[in-house]
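**Q** Mind having a look at this structure? Questions to follow.
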Amino acid sequence: MTLTALPVGQGSVRSTHIVAYNLLLLQFQGTQNPLQTLSSVRHAGYTQICIPAKHSYTSNKCLRKKERKRKKIVGRVIQILGDNFPCTLEAQKIDLPEYQGEPDEISIQKCQEAARQVQGPVLVEDTCLCFNALGGLPGPYIKWFLQKLKPEGLHQLLAGFEDKSAYALCTFALSTGDPSQPVLLFRGQTSGQIVMPRGSRDFGWDPCFQPDGYEQTYAEMPKSEKNTISHRFRALHKLQEYFSVAAGAGDH
């Protein structure tokens, strides 16, 4: 049995439709499939909700740009999951809509639509960057803020505020592929400050986000260090934990 997973980058949300990227194909190793026990396993901190969904379109230029970003994100996800995760990952593509709403609603709708299209289990990632002084904005709309303002503009958004604090939120949504079953959400959050951009410009808003307790921005950190504290790491750690619990329950 296979599990198709779609990490969908940093806040892919708006009213028009585009092609989703960062699609992974996960092939279970061995005969034991942890997803077989998904509906019977309940673990603290995992939200289970169901919301309906719909579907999508984009340009070749947009796809090429997203393909480059997809490879970076896929590589980081694989690096964080490590060798003990019970699946192998292979990059693919699929069409998904761009949704609006709260982060959980967006993740659930993407996950359900992806499951409908692939007719099987799916894992979808979505990321938010939330400024406390702005009541959580840009939040899931960070992608569009970043495209228009760049990291410098994100920093300037808080020029009139004393509070520069923010948090990065990553949500992985998991579906068995059965529409009658709830979607599970695995969230990871890292608190920090919005600062003048520093470091490499090859990964979204990383140059202007400095995690609490560190003197470097995400962009200045070695990937190995960032991957131990990032919002994505924390969400994937919960995902790993879930698979361990589900696999253990399946043995009884």
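Every residue gets a Cβ built from N, Cα and C, even glycine.
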**Q** Check TrEMBL: it lists Asp126, Thr127, Phe203, Gly204, Trp205, Asp206, Lys226, His231, Arg232 as binding ITP. Then name which of Lys110, Lys148 it lists for that same site.
**A** Lys110
**Q** With Cβ-Cβ distance below 8 Å and at least 6 positions apart along the chain, what are the contacts of Asp206 (ITP binding site)? List them in sequence order.
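**A** Result: Gly199, Ser200, Thr217, Tyr218, Ala219.
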**Q** For His231 (ITP binding site), name the DSSP secondary structure in the helix/strand/coil scheme.
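**A** Once the DSSP labels are grouped into three classes, His231 (ITP binding site) ends up as helix.
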**Q** Across all protein chains in the structure, which of the binding-site residues Glu98, Asp126 has the highest Cβ count within 10 Å?
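**A** In terms of Cβ crowding, the pick is Asp126.
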**Q** Give the sequence-ordered list of residues that share a chain with His231 (ITP binding site), lie 6 or more positions from it, and have CB atoms under 8 Å from its CB.
**A** Thr127, Tyr167, Ala168, Leu169, Cys170, Gly188, Gln189, Thr190
**Q** Where Gly204 (ITP binding site) and Glu98 (Mg(2+) binding site) are concerned, what is their Cα separation in Å, rounded?
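**A** Each residue's Cα considered, Gly204 (ITP binding site) and Glu98 (Mg(2+) binding site) end up 18 Å apart.
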